[in-house]
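In what follows, a single structure is set out as structure tokens and then discussed.
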Amino acid sequence: MSATNNQNAASVFGRPWIFIRGVPSMKFLPPEGPTEIAFAGRSNVGKSSLINALVGHKGLARTSNTPGRTQELNYFVPDGYSGEADDLPPMALVDMPGYGYAQAPKEQVDAWTKLVFDYLRGRSTLKRVYVLIDARHGIKKNDEEVLALLDKAAVSYQIVLTKTDKIKAAGVPRLLAETLEKIRKRPAAFPEVLSTSSEKGEGIEELRAAIELAVAR
């Protein structure tokens, strides 16, 4: 990643960020404007914690030890922009409901699933999805289903391993290589896997730079 990309990422993520909207269904989506970067993953994979680490604000995205807490598409943008057509923020981060939470009522799971899939298929300003994978568990069946959906919808995505501090450091390179091999033939997958630990702050700068590069493409 170039020094310029790192500087640009620092300029965006160095600003204060704010929560602007929770979206329980597609009709409540904000008007299409800034580029959107979304975060998908299984329940309790650490999406909210990773967003907080990215923007340097521990309390921005609500975190919980209870799987399935995030039930809406939650929108976050850098502060200081009016939102008018000539003063849009450079990007919006979207925290998506987690999938794969078996204890939630089926109707609730179905509603979350429909919201996520409709959003992924139909949002023209969505530039990239970061699919978070718990480093302790690897890619599961329902992760594969989401990757297949993204491939079918031709939505660019990149795999991000989370909670790498929970496994032995020596195992991280092997896990990165194994994960990359699993997605190698997927048409919409970006051919690089990132590793992060929100708790330790590891890989956060690299993820910021990757997001900035994706937005600039």
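Note: Cβ is positioned from N, Cα and C throughout, glycine not excepted.
The feature domain 'EngB-type G' is assigned by Swiss-Prot to 33-217, with sequence analysis given as support.
The annotation GTP binding site is assigned in Swiss-Prot to 41-48, 68-72, 95-98, 162-165, 196-198.
When Cβ atoms from all protein chains are considered, those within 10 Å of Ser48 (Mg(2+) binding site) total 21, not counting its own. Here Swiss-Prot flags Ser48, Thr70 as Mg(2+) binding site, drawing on sequence analysis.
For Ser48 (Mg(2+) binding site), the nearest of the binding-site residues Glu72, Pro97, Lys163, Thr196 in terms of C-alpha separation is Pro97. Burial estimate for the binding-site residues (Lys47, Lys163): highest at Lys47, by number of other CB atoms within 10 Å.
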